[in-house]
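Database features, via Swiss-Prot:
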BINDING   40-47, 67-71, 85-88, 152-155, 184-186  GTP binding site
BINDING   SER47, THR69  Mg(2+) binding site
DOMAIN    32-205  domain 'EngB-type G'
Amino acid sequence: MNEDPQKKDEPFFKDVEFKASYGEANQIPSQGIPQIAFAGRSNAGKSSLLNAILERKSLAKVSSTPGKTKLLNFFFVNRSIYLVDLPGFGYSANSHKDHEAMMDLLMDYLNLAKDLKCLFLVCDSQRELPEEELELIGTCFERNIKPVLVRTKIDKLNQSDLSKLRKKMKNIHELYPMLETVLVSNKSGKGLPELRKIVDSLITTVGTLVEGNTKKIEGIS
């Protein structure tokens, strides 16, 4: 799939800025501005994916230590929607207590974020999809949140592995027929146009918001 024509080196989303970080879901003000969140295990490549979609090298901080980020990070895109980089969960170096805390934060966010319209569930294509992530997909459907399963690092699979992955995806789609799945490689760019289209379609639906008529999300110290 080709993206709309654009000037060379000009990003698809021209107006992007970091807005705020939150340590608790109940600190996030409700503004009526739609949100797309990125969730997944700590080593799935969420922050790298967000940077790749927005074509900014270091907008979302990518830590060399998976599981280090424990905040909800908000990025304002084209003055219309927020992309939210959620803390990762499930990395083996984290304690069980840390894992539970991150899952609690994620569920609190899902329960309280009235403006959340879409969840990108980011999963390394080299790994199995854990049961709790399958349940997360079901939770999204129950709450009228569009889930998109994003299988990252697809360039690291050989043809045999890719065939096995497609079979597993078919089984998941039998469970959730309406689930959209996108195979992604940040290295080759595969799948990124599809994800940008999902973000852009929400922007088009919302329309550009006038800054003077919206409250800015303020950061916390």
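Backbone N, Cα and C atoms are what each Cβ position is placed from, and that goes for glycine too.
Reported as a whole number, the C-alpha separation between LYS153 (GTP binding site) and SER47 (Mg(2+) binding site) equals 13 Å. Counting only same-chain residues at least 6 apart in sequence, those with a Cβ under 8 Å from the Cβ of LEU71 (GTP binding site) are SER21, TYR22, GLY23, PRO87. Averaged across the domain 'EngB-type G' (32-205), pLDDT in this predicted model comes to 89.
Counting other CB atoms no more than 10 Å from each candidate's CB, the binding-site residues GLY40, PRO87 peak at GLY40.
Counted within 10 Å of its Cβ, the other Cβ atoms near LYS153 (GTP binding site) come to 21, all protein chains included. Over all protein chains present, the Cβ of ASN43 (GTP binding site) has 18 other Cβ atoms lying within 10 Å.
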